[in-house]
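Per Swiss-Prot, region 'Disordered' is recorded for 1-30, 85-147, 484-565. The compositional bias 'Polar residues' feature in Swiss-Prot is assigned to 12-23. Look at Swiss-Prot and you will find LYS18, LYS83, LYS226, LYS332 tagged as SUMO2 cross-link, backed by similarity to another entry. Summarising the annotation, Swiss-Prot assigns compositional bias 'Basic residues' to 118-129, 494-507, 554-565. Sequence annotations record features per position, and here Swiss-Prot assigns zinc finger to 196-219, 286-309, 405-429, 439-462 based on sequence analysis. Taken from Swiss-Prot, the feature compositional bias 'Basic and acidic residues' applies to 484-493, 522-531.
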Amino acid sequence: MSSRLGAVPATSGPTTFKQQRSTRIVGAKNRTQCSIKDNSFQYTIPHDDSLSGSSSASSCEPVSDFPASFRKSTYWMKMRRIKPAATSHVEGSGGVSAKGKRKPRQEEDEDYREFPQKKHKLYGRKQRPKTQPNPKSQARRIRKEPPVYAAGSLEEQWYLEIVDKGSVSCPTCQAVGRKTIEGLKKHMENCKQEMFTCHHCGKQLRSLAGMKYHVMANHNSLPILKAGDEIDEPTERERLRTVLKRLGKLRCMRESCSSSFTSIMGYLYHVRKCGKGAAELEKMTLKCHHCGKPYRSKAGLAYHLRSEHGPISFFPESGQPECLKEMNLESKSGGRVQRRSAKIAVYHLQELASAELAKEWPKRKVLQDLVPDDRKLKYTRPGLPTFSQEVLHKWKTDIKKYHRIQCPNQGCEAVYSSVSGLKAHLGSCTLGNFVAGKYKCLLCQKEFVSESGVKYHINSVHAEDWFVVNPTTTKSFEKLMKIKQRQQEEEKRRQQHRSRRSLRRRQQPGIELPETELSLRVGKDQRRNEELVVSASCKEPEQEPVPAQFQKVKPPKTNHKRGRK
């Protein structure tokens with residue numbers, strides 16, 4: 001029988017020494033290879049010449065007469081994690097040794113208990129010991145049942161608000177929120193103690209920011225006003241200016257009002273009317289002494305007087321309305337009240353300015369009295385054609401569809417994007433049936449085709465009369481204008497009268513003049529003579545005549561040129 005690795009077949013009869021030697025070598029090789037395959041780590045020993053009389057029956061089976069291998073010590077095998085070889089083998093060609101099977105988990109655990117370091121070297125990582133479950137974490141996972149409160153109680157309302165919004169605010173201060181009813185109750189026990197109290201006046205405030213603002217606004221190193229004391233306006237304005245500079249805004253001090261302002265005037269205007277009824281507010285209204293129009297603020301009344309009635313006129317104290325008295329007493333930017341002498345000086349300056357303005361009226365045009373719009377210009381516009389509602393509706397529909405309208409007159413190619421533009425065009429279109437009028441100048445009755453033409457005519461030809469005096473100007477200014485016109489008319493009349501009288505005198509020289517006129521003429525002649533004397537005295541003194549011997553003799557002029565005979 002031949003082996004799997006090509007062993008030499010056994011022969012009958014006597015064998016030589018060489019044959020026995022080769023047989024022993026081949027058998028040893030076969031046994032070594034078989035032991036490597038089975039992972040037994042067994043070492044084979046050669047057979048003795050005397051004992052081996054025949055060839056091995058099989059390459060993988062040991063000789064039955066003598067043990068073919070010996071085992072290492074058990075300690076050495078355990079140190080290298082090697083299991084000792086099994087004593088029995090599975091017979092047959094397809095049999096597999098049980099040595100190659102993996103050890104059960106129980107044996108590995110036992111080996112690990114005996115040699116933990118070796119276990120760590122083999123597996124390459126440290127195995128963590130199993131942790132036991134924490135009983136506290138399991139207890140926390142247990143969901144608590146929702147608390148039950150009495151129906152309609154405050155606790156139930158707070159609980160519903162927490163479920164809805166996530167927190168509930170303190171009903172006392174409305175500034176602190178809690179997520180649980182127990183926390184809210186604990187806060188409410190000390191809620192009154194947590195409020196900030198001003199050590200100046202004892203006022204309780206909800207937050208630290210509110211306390212800081214209160215101290216800054218009311219106790220800013222200034223004397224505190226008590227009941228019955230009058231407010232010093234310059235001091236109050238200075239205090240408000242400091243608060244506004246530091247905090248950036250002024251808040252109303254009333255508890256029910258949360259208004260804030262960024263200007264001192266707005267704050268003072270609000271404080272005067274905050275918390276007052278309609279009857280009190282009506283008494284505080286200021287009325288214009290010209291037209292009686294009511295205003296809620298002095299600034300509004302002052303603007304009305306400047307825009308509608310010109311500059312504010314200064315009246316004596318007896319005839320001045322109360323509202324204007326209050327306005328005149330209003331403090332200026334420096335905090336000083338205007339004195340009476342200053343008011344009188346301003347009044348005289350205003351009169352002088354009005355007189356100068358009246359003198360320069362033809363040269364200078366005041367901004368209010370210039371003609372910025374067409375209603376003040378002295379010209380008339382022609383009438384525009386009328387259109388039916390159906391035509392207008394059709395034009396509007398065309399604009400929505402095509403975004404343009406064409407002139408309906410035949411031969412006209414004008415296109416417009418609005419109904420008003422088409423209307424203005426039809427008023428001046430020459431291809432239509434409508435005969436448009438012309439623009440007429442009311443100063444000289446001249447007609448123009450276009451509006452720009454009549455405007456240019458008025459601005460250039462009637463430069464002094466092109467504006468209309470504003471009827472709402474001040475009465476004092478109108479009086480000055482009338483007085484100036486009367487003076488100019490009187491001067492013109494006097495000049496005309498003088499010119500007529502001088503002409504009459506020239507035409508009638510033989511008529512004797514009355515004594516009054518003679519005296520006037522004599523006085524005039526005397527004045528003329530005196531003026532002549534004064535002018536003569538003012539002139540340089542005449543030079544004395546020089547004797548003839550000292551005078552230079554000038555050669556007579558000749559018509560001959562030099563160098564010619």
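Heads up, the Cβ atoms here are built off N, Cα and C, so glycines get one too.
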Residue counts (helix, strand, coil, in that order) that DSSP gives for the zinc finger (286-309): 11 helix, 4 strand, 9 coil
Secondary structure composition of the zinc finger (439-462) [DSSP: H/G/I, E/B, coil]: 10 helix, 5 strand, 9 coil
Residue counts (helix, strand, coil, in that order) that DSSP gives for the compositional bias 'Basic residues' (494-507): 14 helix, 0 strand, 0 coil
Within the compositional bias 'Basic and acidic residues' (484-493), residues counted as helix, strand or coil by DSSP: 10 helix, 0 strand, 0 coil
